[in-house]
Amino acid sequence: MSDTKAEAPLLLLSSSPHIASPVGGRVIMAWVLAAIAPAAIFGVALFGIPALLNIVVSIAAAEFAEFAFRKITKQELRNGDLSAAVTGLLLALIIPPGLPLWMTALGSIFAIVVAKEFFGGLGANVFNPALIGRAFLLMSFPAAATTWQNPSFFGAVDAVGAATPLRIIKSGGSLSVLGDSYGAIVKTLFLGTHAGSIGESSIVLILLGFAVLLLKKIIDWRAPVVMTATVFAFSFLLGRDPLAAILSGGVVFGAVFMATDYVSAPVTATGKLIFGFGAGLITVLIRQWGNYPEGVSYGILIMNAATPFLNRLIQKKYGWVQPRKPAAADAAKAGAK
Amino acid sequence: MAVSTFKRGLRLNTRKHATEGFPVELAPLPKQVVIPINQHFGAPNKSLVNVGDKVKRGQRIAEGAAPGPMTVPVHASISGIVKKIENRLQSNNTEGPCIIIEAEEGVSDETDFMPPLDPFACTKEEALQRIRDAGITGMGGAGFPTHVKLSPPPNKPIDVIIADGAECEPYLTTDEALMTEKPDLLIKGLAIVMKLTGVGKAIIGMEDNKAKLIPMLEQELRLGGYGGDISLGLCRTLYPQGSEKLLIKALMGREVPSGGLPMDAGCIVSNVGSLVAIAEAFTLGKPLIDRDLTVSGGACKLPKNIRAPIGTILTDLPPQFMDIDYSKLRKVLFGGPMMGTAVPTLNIPIQKNTSGIILMTEEETWLDAEGPCLRCGRCIRNCSCKLSPVIMNNAIEAGDLDEAVKVGLMDCFECGACTYVCPARIKLTQRFRVGKQRLRLKVQAAQAAQTKAQTAAAPAAPASNAKS
């Protein structure tokens with residue numbers, strides 16, 4: 001026999017592979033938070049303390065709701081995975097900066113409990129929780145959820161309601177309040193220094209987050225790019241200003257942070273393309289003929305429902321061979337007999 | 001030189017630095033060897049020796065129990081006396097019959113090799129017989145008999161032989177050491193295979209982290225003078241480049257059809273170690289009784305490439321040659337960390353297909369618990385076979401094996417890339433193994449039921465019912 005000391009160590013047994021990528025779920029969520037951060041910080045700078053409070057309350061309510069729900073239903077606690085924080089932050093960024101804090105908290109709790117935990121928690125929800133939270137707020141408190149304010153850098157908040165670019169377009173007005181020339185309007189839209197949600201107005205900072213997520217290979221380019229392109233193309237076909245269409249409202253924010261949501265968007269490449277196209281198309285249709293000035297939320301939520309079907313559009317595997325036709329014909333013949 | 005590659009795959013931390021560029025050290029002769037009598041993929045062998053017999057190094061000690069092509073003999077790797085024939089744990093974690101030979105004083109230098117054979121003068125049948133008699137199997141992994149691989153049916157024309165020197169698994173550096181030290185034998189082995197199969201073209205494929213070997217190999221090719229067109233093919237260092245399917249894709253741009261073998265794509269792929277073994281079987285008459293392997297990992301104080309007789313148990317080697325830090329040792333792998341097997345004890349012999357033994361510390365491996373699937377799609381993005389692991393897994397969980405097969409369950413060769421990248425740490429590869437096994441059981445049960453129904457209904461019903 002060999003040396004008995006060989007038997008001394010307690011050896012681990014498991015199925016291969018025996019090494020794993022250092023990028024776990026938490027790391028991914030942390031990168032998502034980091035990618036959203038610039039837009040969030042800009043939102044605070046633009047709209048002041050109420051925006052900051054809304055962000056803090058939304059994240060805290062989301063984490064607490066997850067903790068409480070899982071504790072009450074005697075499930076394993078998962079607060080460490082940061083996914084509720086992502087939902088809370090996303091929700092805060094797509095609501096008006098002046099929304100009363102208790103409404104924000106309610107929306108956040110609704111998002112986590114109804115849209116996520118009722119389905120089974122992380123990874124099991126069908127719809128994007130943050131968007132469900134926003135839809136809930138829009139239905140329950142229509143006035144408050146559509147009261148916007150003008151930006152004022154670190155200054156006192158202007159409590160007087162202001163019109164967002166989309167509201168102006170919807171009511172047939174001209175965007176010239178944003179700037180004198182077309183170039184100035186586009187610049188204002190691009191930088192985001194206009195009335196709107198806390199975090200979805202500054203296109204340049206959202207694109208910065210997009211670049212981070214792409215570089216870290218956390219998201220795929222397909223859904224965001226196709227969604228934005230679709231909004232651009234269909235706005236053009238409907239005779240709207242296509243550039244203003246993608247720069248105003250939540251198109252870019254939704255495309256980058258919502259249409260790429262792991263859980264509620266398709267996992268397959270083809271599915272992502274169709275998802276982006278569908279979400280973009282529905283957005284334009286709602287903006288054109290719907291009641292709301294903005295359609296991104298519903299565009300993405302409706303496509304979320306299609307995700308299970310889109311996941312069936314799998315790629316052709318390595319060594320894929322065309323099913324043999326004669327055999328199929330034979331089978332059909334045999335069946336006919 | 002152009003670097004070819006395939007799409008997707010992983011850029012792993014190769015962890016090869018511990019033994020990269022090290023020469024192959026000859027292990028001191030062990031006092032005993034434990035030789036499993038079945039080391040190939042195919043019909044089982046039976047022992048040719050009895051307890052108490054005296055055997056010489058190179059002597060045939062086990063042979064196919066029934067005549068058939070899918071067996072290869074096993075040889076004594078040291079001279080000595082057969083002490084026991086009993087079931088022992090092997091590196092695939094199953095018990096199997098092993099012949100235990102103890103070295104004897106004074107006879108240890110006696111050998112019983114075959115006479116050398118000129119591969120370029122003998123007939124094809126003689127050459128295939130020699131490769132079988134030498135007990136050569138694929139040294140990369142599955143242990144497929146090499147002589148079977150080298151005699152494809154006439155309806156599968158082969159136009160290229162690929163020497164697989166990719167060595168994409170982390171830690172392992174044996175193939176590189178082999179190509180550095182025995183390029184002449186590697187090229188000779190290739191020339192023999194080309195002559196034997198009548199194929200005019202061959203490529204030595206390797207990852208570009210071994211690019212430094214190119215000038216030396218090119219010079220060897222010029223000196224060799226075996227005729228035929230042997231070239232070097234450099235592939236990107238990308239896991240799992242060493243898989244024959246992906247090596248064919250990278251070097252030839254061809255895909256092996258689903259459910260097929262490399263010969264269906266006109267290729268024969270052979271590990272460089274097997275090719276060197278072939279060359280030695282002809283020039284020296286030496287059967288496959290020694291194995292080059294890497295011993296590495298954090299719990300190995302002296303990581304190195306070694307050559308040891310098959311049947312050697314690592315702990316039988318003297319500590320000045322093989323020093324193991326037992327306090328840190330938490331996992332022992334036979335093979336690399338991506339596809340290798342974790343074994344419960346070090347008391348397991350080196351086999352023909354053991355490319356390395358990795359002694360891992362707790363920090364080197366991972367112990368995270370599974371979380372819920374985030375549906376991030378990383379497993380899909382990184383599957384080099386373009387399968388959809390998350391969808392396969394969902395289908396298996398739902399008990400829908402037909403759906404799992406449709407999305408590629410049987411095309412998965414268990415490279416582990418999906419499991420490596422999964423942020424939720426879901427053991428996808430393991431689930432697919434279980435899924436395949438469940439499918440096998442289901443097919444067996446269906447066949448058994450059909451046979452039973454047929455025998456029961458045979459006198460009454462006509463054969464047309466059998467189709468349903």
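Sequential numbering from 1, following the chain as shown.
Just so it is clear, glycine is given a Cβ too, placed from its N, Cα and C backbone atoms.
Going by what TrEMBL states, the [4Fe-4S] cluster 2 site holds B:Cys412, B:Cys415, B:Cys418, and the candidate of B:Cys376, B:Cys383 recorded there is B:Cys383. Record check, TrEMBL: [4Fe-4S] cluster 1 site residues include B:Cys373, B:Cys376, B:Cys379, and the candidate from B:Cys385, B:Cys422 also listed there is B:Cys422. Taking the Cα atom of each, B:Cys418 ([4Fe-4S] cluster 2 binding site) and B:Cys376 ([4Fe-4S] cluster 1 binding site) are about 12 angstrom apart. Excluding B:Cys383, B:Cys412, B:Cys415, B:Cys418 themselves, the residues of that chain whose CB lies within 8 A of the CB mean position for the [4Fe-4S] cluster 2 site are, in sequence, B:Cys379, B:Asn382, B:Ser384, B:Cys385, B:Leu387, B:Pro389, B:Phe413, B:Glu414, B:Gly416, B:Ala417, B:Leu428, B:Thr429, B:Phe432.
Counting every protein chain shown, the number of other Cβ atoms lying within 10 Å of the Cβ of B:Cys379 ([4Fe-4S] cluster 1 binding site) is 28.
Checking the binding-site residues B:Cys373, B:Cys376, B:Cys412, B:Cys418 against chain A with a Cβ-Cβ cut-off under 8 Å leaves B:Cys373, B:Cys376. Same-chain neighbours of the [4Fe-4S] cluster 1 site beyond B:Cys373, B:Cys376, B:Cys379, B:Cys422, judged by a C-beta within 8 angstroms of the site's C-beta center, are, in sequence order, B:Leu374, B:Arg375, B:Gly377, B:Arg378, B:Pro389, B:Val390, B:Cys418, B:Val421, B:Pro423, B:Ala424, B:Ile426, B:Leu428. Note on the binding-site residues B:Cys412, B:Cys418: the fewest other CB atoms within 10 A surround the CB of B:Cys412. Comparing the Cα of B:Cys412 ([4Fe-4S] cluster 2 binding site) with the Cα of every entry in B:Cys373, B:Cys379, B:Cys422, these being the binding-site residues, the smallest distance points to B:Cys379.
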